[in-house]
Amino acid sequence: MNNMSLSDIFERFDTSKDGKISWEEFRDAIHALSPSIPSEKLVEMFIQLDTNGDGQVDAAKFASCMDQTAQSSGGDVEKELKDAFKLYDINCDGKISANELHVVMTRLGEKCTVESCVGMVQAIDVDGDGYIRFVGV
């Protein structure tokens, strides 16, 4: 994914740049990386990771969560990410727009606005062109 490490991904979603991600940042990160995870599972994961109850998850806890996600998906995170990318890339042009993200998330039953999807895209848009790309898809 543009050669991004877990720490790069964490930093992209740490919009407040305080070294921790809030529930909203966590939810957006996991949904962007693994859209098939149900909301109830996300809440459960966040509660388990937020061991001190401060409503924040640090980079180490986030990495642990991603490792657990990889193990539960059979260990092939890259394949899962590629499959998720293809799901969101509605017009198959190799990039995901905020509108495509909104359409798919709405179909998956998520209540979100186009504006919130613009924010999610901006959070992980590597080159600032308004799209998410997955190199090698």
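One is the number of the first residue shown, and numbering goes on along the chain from there.
Any Cβ shown, glycine's included, is placed from N, Cα and C.
According to Swiss-Prot, the protein has these features:
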- 1-36: domain 'EF-hand 1' (DOMAIN)
- ASP14, SER16, ASP18, LYS20, GLU25: Ca(2+) 1 binding site (BINDING)
- 37-72: domain 'EF-hand 2' (DOMAIN)
- 76-111: domain 'EF-hand 3' (DOMAIN)
- ASP89, ASN91, ASP93, LYS95, GLU100: Ca(2+) 2 binding site (BINDING)
- 112-137: domain 'EF-hand 4' (DOMAIN)
Secondary structure at LYS95 (Ca(2+) 2 binding site), reduced by DSSP to three states: strand
Structural state census, the domain 'EF-hand 2' (37-72) (DSSP three-state): 25 helix, 3 strand, 8 coil
Cβ packing number for GLU25 (Ca(2+) 1 binding site), 10 Å threshold: 20
DSSP helix/strand/coil residue counts for the domain 'EF-hand 4' (112-137): 11 helix, 2 strand, 13 coil
Cβ atoms near ASP18 (Ca(2+) 1 binding site) (within 10 Å, other residues, all chains): 10
Cβ contacts under 8 Å made by the domain 'EF-hand 4' (112-137) with residues that lie 6+ beyond its boundaries: 1-4, 9, 12-13, 15, 28, 31-32, 81-82, 85-86, 88-89, 94-99, 101-102, 105-106
Between GLU25 (Ca(2+) 1 binding site) and ASP93 (Ca(2+) 2 binding site): CA-CA distance (Å): 27
ASN91 (Ca(2+) 2 binding site) versus binding-site residues SER16, ASP18, LYS20 - nearest by Cα: SER16
Mean of the pLDDT scores, which run from 0 to 100, over the domain 'EF-hand 2' (37-72): 79
Alpha-carbon distance [GLU100 (Ca(2+) 2 binding site); GLU25 (Ca(2+) 1 binding site)] in Å: 20
Chain-mates of ASP89, ASN91, ASP93, LYS95, GLU100 with C-beta within 8 Å of site centroid, Ca(2+) 2: TYR88, ILE90, CYS92, GLY94, ILE96, SER97, TYR131
Between ASP89 (Ca(2+) 2 binding site) and ASP18 (Ca(2+) 1 binding site): CA-CA distance (Å): 31
Rounded distance in angstrom between the Cα atoms of GLU100 (Ca(2+) 2 binding site) and LYS20 (Ca(2+) 1 binding site): 28
